[in-house]
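Worksheet: one structure, shown below.
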Number of protein chains: 2
Amino acid sequence: MKGTVGELGEFGLIRELTSRIGGAPAVRLGPGDDAAVVAAPDRRVVASTDMLLEGRHFRRDWSTAYDVGRKAAAQNLADVAAMGAVPTALLLGLVVPAELPVTWALELMDGISDECRVAAAGVAGGDIVRGETIMVSITALGDLGGREPVTRSGARPGDIIAVTGWLGWSAAGHAVLSRGFRSPRAFVEAHRRPEPPYPAGPAGAALGATAMTDVSDGLIADLDHIAAASKVRIDIRSAALDIPAQMSDIGQAVGVDPLHWVLTGGEDHAIVAAFPSETKLPARWRPIGEVLPARGRGVPRVTVDGAAWEQAGGWDHFAG
Amino acid sequence: MKGTVGELGEFGLIRELTSRIGGAPAVRLGPGDDAAVVAAPDRRVVASTDMLLEGRHFRRDWSTAYDVGRKAAAQNLADVAAMGAVPTALLLGLVVPAELPVTWALELMDGISDECRVAAAGVAGGDIVRGETIMVSITALGDLGGREPVTRSGARPGDIIAVTGWLGWSAAGHAVLSRGFRSPRAFVEAHRRPEPPYPAGPAGAALGATAMTDVSDGLIADLDHIAAASKVRIDIRSAALDIPAQMSDIGQAVGVDPLHWVLTGGEDHAIVAAFPSETKLPARWRPIGEVLPARGRGVPRVTVDGAAWEQAGGWDHFAG
């Protein structure tokens, strides 16, 4: 489709975008009315909102519209999964400049739709307005299926910390891309399209996780959220972390300790959780540390092999 | 509180905003975790997303932050009510420039919280990112309480059209403000803070409405959505519309037929619905027209006293 979204107009763009959306069992009433209707069999609905802003969270010269769509959907669906819920649907708020090519918006929608398909969720509705900068705002919904939501605040001393999914892959891919390379492909792909382990969220809840979150800001930063909310300390055993040989190779090539990516790289949306020590964890959950009693002020809440990790983990969106 | 949001930082701002939020019965788990948990006793959740962009939907020199918050919440909660649902909660996505005074963000939050209180809903969660232009993205959730959702597509020839709430008040208030006046206060207030008749949505559904929507773009424009979705024509009787004496006075003062505001003014979020002709409507629902069989192409779907309304109703967000 040729032309800009300004030429196509609001209603034309909505029509085109809506036509790209597949159905999903949970979406009882999709786009086109005052509001959508989504199944919530549990009698509770899990809901999370996140925004991606051009220039801040993505660049059009680095990411395709399709990849931005995949990423935007993934980070929201992962938040829902990290509560122990099965994602059901999402709503999309989209700010687009009038001069944006229609194809960009359509490819974004394809990315969102495809990521929804991976999670067996649907696009239930949305809103589009014209603005100067592209902004993708997504609210994802999910169903707990009778499980209690797993918050960040239930970790207890003696619990083990385990993770499933990818850690540091997106950061390694970013390092590759920012040096102008396009391979190794697996890491570049991981940066462009995270693959959150959606089923691990409900599975972790069913296994009895006491606290759970997805790794969006970096392992240390996200475990710090759990440690703070649970009023505990968490120690990570670095030897337990998986550093693939190829990631070590990239680290050597660009002069970065790959452990840095694994400990501080966000955006892979791995799922990390605390479990009572007696929990029999399936093989795909990798034990990486333990929960300890809190210590005094000024002591880091998350340590690596008993010591503070020298580099800052995570980041403040307003500080940059 | 002094300073800018850039000085306060992301986490500081989130903490301040979260402290302004009151609880609500439906919000089982509020802000601070990966996702919120909201009650959905009906086993379905109604959900709607809308965005307000600075410069496009509001101006900081015309509206206070508090009023922008009331308005942003109102338009989303009204969408949920217009499906026949009781609003339960909303999620807030906020883009703020680093140089924005913290007080502006806090007053916005107060406005959102207060409007939620009017609708007995709660703020369940949100996301904040830094950007060039203020953007308020809200996703409202609601519960159908066993009623079927009332879409726009169920109106049948012979149905009566009835409305409850305010029509044209916001537009009249806008006319007053844009000419530099501050009174009559009631209309200026109506422009700054719409008062959607939230309970009328579920009430309309319980009365057997065949189609329903809230008036956000203007009566003709929103009835046109119903007429298009229902494949019918709708005729409005202008004599049945309520034009208060004060609105006529404003019209005379500024040289505008007040019927124009009533027919094309949006943002009051009145609720308009089609009902089977035998429905005994309570006094607060005002019958204003009827549903007729569709006519051929090129004929307006919504007429006033049997004829096309000469002025354009509603607007395309991309055309301006």
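All positions are counted from 1 along the displayed chain.
Here the Cβ of each residue, glycine as well, is placed from N, Cα and C on the backbone.
Residues or ranges marked as domain 'PurM-like N-terminal' in TrEMBL: A:32-142.
The Mg(2+) 3 binding site feature in TrEMBL is assigned to A:D34, A:D79, A:D214. Here A:D34 (Mg(2+) 3 binding site) comes close to no residue that lies at least six apart in sequence on the same chain with a C-beta under 8 angstroms from its C-beta. DSSP assigns A:D34 (Mg(2+) 3 binding site) to coil in the three-state reduction, outside any helix or strand.
Residues annotated as Mg(2+) 4 binding site in TrEMBL: A:D34, A:S48, A:D79. For the recorded site, A:D79 (Mg(2+) 3 binding site), the DSSP three-state label reads helix.
Within its own chain, A:D50 (Mg(2+) 1 binding site) has A:A72, A:Q75, A:N76, A:D79, A:S137, A:I138 as residues 6 or more apart in sequence whose C-beta sits under 8 angstroms from its own. The feature Mg(2+) 1 binding site is assigned by TrEMBL to A:T49, A:D50, A:D127.
DSSP assigns A:D50 (Mg(2+) 1 binding site) to a strand in the three-state reduction. Residues annotated as Mg(2+) 2 binding site in TrEMBL: A:D50, A:D79.
For A:H57, A:E267, A:W315, the entry in TrEMBL reads substrate binding site. Around the Cβ of A:E267 (substrate binding site), 24 further Cβ atoms fall within 10 Å across all displayed protein chains.
Its Cβ placed at the centre, A:D127 (Mg(2+) 1 binding site) has 23 other Cβ atoms within 10 Å. As annotated by TrEMBL, ATP binding site applies to A:G126, A:D127, A:R152, A:S216.
TrEMBL lists A:D217 with the feature Mg(2+) 5 binding site. The Cβ neighbour count for A:D217 (Mg(2+) 5 binding site), using a 10 Å radius and every protein chain shown, is 20.
Cα of A:R152 (ATP binding site) to Cα of A:E267 (substrate binding site): a distance of 18 Å. In the structure shown, the C-beta of A:S48 has more C-beta neighbours within 10 angstroms than that of any other entry among the binding-site residues A:S48, A:T49, A:S216. Remark: A:D214 (Mg(2+) 3 binding site) has A:A78, A:D79, A:A81, A:A82, A:P196, A:G201, A:D222, A:H269, A:A270, A:I271, A:V272 as non-local neighbours, by Cβ distance under 8 Å and separation of at least 6 in sequence. Listed in sequence order, the binding-site residues near A:S216 (ATP binding site) (C-alpha within 10 Å of its C-alpha) are A:E267, out of A:S48, A:H57, A:E267.
A:G126 (ATP binding site) sits 15 Å from A:S48 (Mg(2+) 4 binding site), taking the Cα positions as reference.
Here the C-alpha separation of A:D217 (Mg(2+) 5 binding site) and A:E267 (substrate binding site) works out to 7 Å. Secondary structure from DSSP puts A:D214 (Mg(2+) 3 binding site) in a beta strand.
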